[in-house]
Amino acid sequence: MPRCFLPSSVRAHSAAQPRVCHGAATRRRALGSRPGWSGTLQAFVPAALPPALLSLGQATPREHSRSGPTLVHRQGDLRSPADRLPRLWAPVRAKPVPPTRGPSGGPVPALKTRKGPAENSLIAWSAAVTTLDRPARTADAAVRDPSAAPERATPKQWLAVAAVSLGVFVVMTSEVLPVGLLTPISGELGVSEGTAGLMVTVPGLVAAAAAPLSIVLTRRLDRRLVLIALAVLVAGANLGAATATGFGPLLAARVLVGIAIGAFWAVAGGIALRLVPARDVPRATAAVYGGIGAATVLGVPAGTLIGDHFGWRAALVALMALALAATAAIALLVPRLPSHTSVSFASLPKLVRRNKAVRTGLALTFFIVTGHFIAYTFISPILQANGLPASQVSGLLLAFGAAALAATVASGSLIGRHLRGTLVALGVTMALGMALMAFAVGDLFSATAVLVLWGAGYGLVSPAVQTWYMNAAEPGEVEIATSLNTVMFNLSIAAGSFAGGFAVDRTGPTAVLWIGAVLLVPVVAIAARSARNARR
């Protein structure tokens with residue numbers, strides 16, 4: 001063991017106690033290289049500090065390691081009876097303290113005591129030690145000390161997350177269910193499939209406007225009450241669409257769906273931060289956005305199946321009943337969530353102007369969502385144009401949704417470790433799925449495999465993009481960033497479905513697959529460039 005160098009005043013109190021001292025290499029790792037240092041580093045680390053030092057100085061180890069505790073002292077002249085101590089300790093994170101100031105910032109008081117010179121020297125040394133900054137606990141320390149480990153979510157908190165996820169499922173299903181019902185709706189109401197695509201375009205535009213409006217108008221309201229009101233609005237909008245006698249009244253009901261979609265996403269997007277402790281936020285976020293995967297794996301295929309057997313109006317009535325069930329779940333399981341947001345309309349452009357990461361997130365959202373919905377809105381006509389019968393469409397949508405749900409569930413830990421890599425992967429897989437779908441003609445197996453690839457990529461979109469915004473925004477700006485994401489997400493849905501309808505009416509359904517694949521190329525480029533910048 002290396003030799004320990006201790007001042008005589010300390011040796012007097014610790015001679016009978018064992019001492020642990022670090023070697024030079026360990027001390028260099030703990031203290032680091034400091035400009036202007038010269039000479040040999042010497043560590044003054046008693047293994048068991050005297051009682052006087054513990055009571056007066058309250059010195060604590062800077063960090064714990066396998067080789068023992070290490071004290072890291074401030075650099076400066078210790079003007080005290082212990083001034084013979086060499087000035088070789090420096091903080092890892094600290095501002096220099098004037099040598100004539102004490103622990104509270106005032107002058108160092110005169111030390112008057114009846115004790116001997118060794119005790120006075122020790123008291124002065126311990127007073128200097130009190131200027132140490134206490135470091136935050138490390139993860140390793142929390143593991144070693146169970147009482148320091150972060151709090152885990154309770155079953156009641158996970159039930160609240162499940163209730164919000166059910167609401168997301170209902171909202172998402174309400175938004176995209178017309179994708180599986182375009183053919184029967186356009187046939188009964190006498191409009192083209194491109195025109196029927198407005199049932200997706202109009203809610204997207206309305207939701208883009210409703211998201212920021214809802215954040216500002218409801219900034220003083222309990223978020224739980226806001227979610228309950230929006231779930232009731234979704235139920236009423238679906239009932240209105242189910243009873244519509246023409247395409248005009250149907251679009252009017254879809255406007256109400258758009259209001260509910262925009263407001264619900266703006267509030268629920270970052271609500272996982274308030275429902276569970278910090279260590280469970282990634283899992284809770286993935287669970288909330290699992291409602292999107294569930295909508296694609298269960299909602300749209302089930303609605304399409306009901307529409308095939310009982311008519312498209314019956315599918316919308318069933319969705320209304322599910323929205324009422326979500327309302328009850330949120331009311332019973334989600335706790336009161338007073339608003340913590342003080343936001344105005346000016347906050348939105350300010351955040352965009354000063355936060356480059358938010359601007360990058362908006363670009364990612366636009367290209368991903370536009371590229372997806374320009375093709376996915378017309379997936380039913382695409383599959384039928386490829387020679388597959390209409391009776392197989394619901395099963396293929398089920399395969400797409402199952403892949404999306406599996407990817408969403410598995411994304412929690414993946415996104416936490418490799419967010420930018422996840423964005424690159426989803427862009428590549430979605431683009432490949434769209435491009436390969438153009439060649440899956442008349443073959444059920446190949447169509448299923450391609451849709452699984454496409455769905456797996458899309459299942460990563462919402463949790464990955466939402467995590468990007470949560471990382472980019474300050475804690476008090478999460479709802480603002482979420483509302484911006486909602487605006488761009490729904491504008492992109494509207495843009496994609498409108499452009500897709502225009503292309504389908506003029507060139508046929510297969511062309512939108514290539515357009516969507518091309519729009520996903522910038523996603524890969526932006527995410528890859530961001531990853532390179534992060535490594536620098």
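Along the chain as shown, residues are numbered 1 onward.
Glycine residues also receive a Cβ, built from the backbone N, Cα and C atoms like all the rest.
No curator has checked TrEMBL annotations; they are predicted automatically.
Residues or ranges marked as compositional bias 'Basic and acidic residues' by TrEMBL: 74-86.
The domain 'Major facilitator superfamily (MFS) profile' annotation in TrEMBL covers 160-535. Each residue in the domain 'Major facilitator superfamily (MFS) profile' (160-535) has a pLDDT score, and their mean in this model is 85.
According to TrEMBL, the region 'Disordered' annotation covers 59-115.
The transmembrane segment annotation in TrEMBL covers 158-177 (among others).
Same-chain neighbours of the transmembrane segment (197-218): 175-176, 178-179, 182, 185, 226, 250-251, 254-255, 257-263, 265-267, 339, 341, 343-345, 348, 373, 377-378, 479-480, 483-484, 486-495, 497-498, 500-501, 504, counting only residues six or more beyond its ends whose CB sits under 8 Å from a CB of the stretch. According to TrEMBL, the feature transmembrane segment maps to 197-218 (among others).
According to TrEMBL, the transmembrane segment annotation covers 225-245 (among others).
Per TrEMBL, transmembrane segment is recorded for 251-275 (among others).
Taken from TrEMBL, the feature transmembrane segment covers 287-306 (among others). Within its own chain, the transmembrane segment (287-306) is flanked in space by residues 158, 161-162, 164-169, 171-173, 176-177, 179-181, 268, 271-272, 314-315, 318-319, 393-395, 397-398, 400-402, 404-409, 412, 455, 458-459, 462-463, 466, which lie at least six positions past its ends and keep a Cβ under 8 Å from the stretch.
Annotation comment: TrEMBL describes 312-334 (among others) as transmembrane segment. With a threshold of 8 Å between CB atoms, the same-chain residues lying at least 6 positions outside the transmembrane segment (312-334) that come near it are 156, 159-160, 162-164, 166-167, 169-170, 173-174, 177, 181, 184-185, 188, 224, 227-228, 231-232, 234-236, 238-239, 241-243, 275, 299, 303-304, 306.
According to TrEMBL, the feature transmembrane segment maps to 362-383 (among others). Below 8 angstroms of C-beta separation, residues 179-180, 182-183, 193, 197, 200, 352, 390, 392-393, 396-397, 400, 423, 426-427, 430-431, 434, 437, 447, 458, 461, 465, 468, 484-485, 488-489, 491-493, 495-497, 499-501, 503-504, 509-510, 512-513, 515-520, 522-523, 526-527 of the same chain, each at least six residues beyond the ends of the transmembrane segment (362-383), sit close to that stretch.
According to TrEMBL, the transmembrane segment annotation covers 395-416 (among others).
For the transmembrane segment (423-441), the list of distant contacts is 364, 368, 371-372, 375, 382, 386-387, 447, 450-451, 453-458, 460-461, 464, 468, 510, 513-514, 516-517, 520-521, 523-524, 526-528, 530-531: same-chain residues at least six beyond its ends, Cβ to Cβ under 8 Å. The transmembrane segment annotation in TrEMBL covers 423-441 (among others).
The transmembrane segment feature in TrEMBL is assigned to 447-469 (among others).
When Cβ-Cβ distances below 8 Å are used as the criterion, the transmembrane segment (481-504) is approached by residues 175, 193-195, 197-198, 200-209, 211-212, 214-215, 258, 261-262, 265-266, 269-270, 348, 351-352, 358, 361-362, 365-366, 368-375, 377-378, 381, 465-466, 469-470, 472-473, 511-512, 515-516 of the same chain, each at least six residues removed from its ends. Annotation source TrEMBL lists transmembrane segment at 481-504 (among others).
What TrEMBL records for 510-528 (among others) is transmembrane segment.
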Residues outside the transmembrane segment (395-416) whose C-beta sits under 8 Å from one of its C-beta atoms, at least 6 past its ends, are 180, 282-283, 285-287, 289-290, 292-301, 304, 379, 383, 388, 422, 444, 447-448, 451-460, 462-464, 467
Long-range Cβ contacts under 8 Å made by the transmembrane segment (251-275), restricted to residues 6 or more beyond its ends, are 153, 157, 160-161, 164, 167-168, 171, 174-175, 198-199, 202-215, 218, 223, 226-227, 230-231, 233-234, 236-238, 240-241, 244, 281, 284-285, 287-288, 334-335, 337, 340, 466, 469-470, 478-479, 481-483, 485-487, 489-490
With the cut-off at Cβ under 8 Å and a gap of six or more residues from its ends, the chain residues touching the transmembrane segment (447-469) are 269-270, 282, 285-286, 289, 292-293, 296, 357-358, 360-361, 364-365, 368-369, 372, 376, 383, 386, 388, 396-397, 399-408, 411-412, 415-416, 419, 422-423, 425-430, 432-434, 436-437, 440, 478, 481-482, 484-485, 489
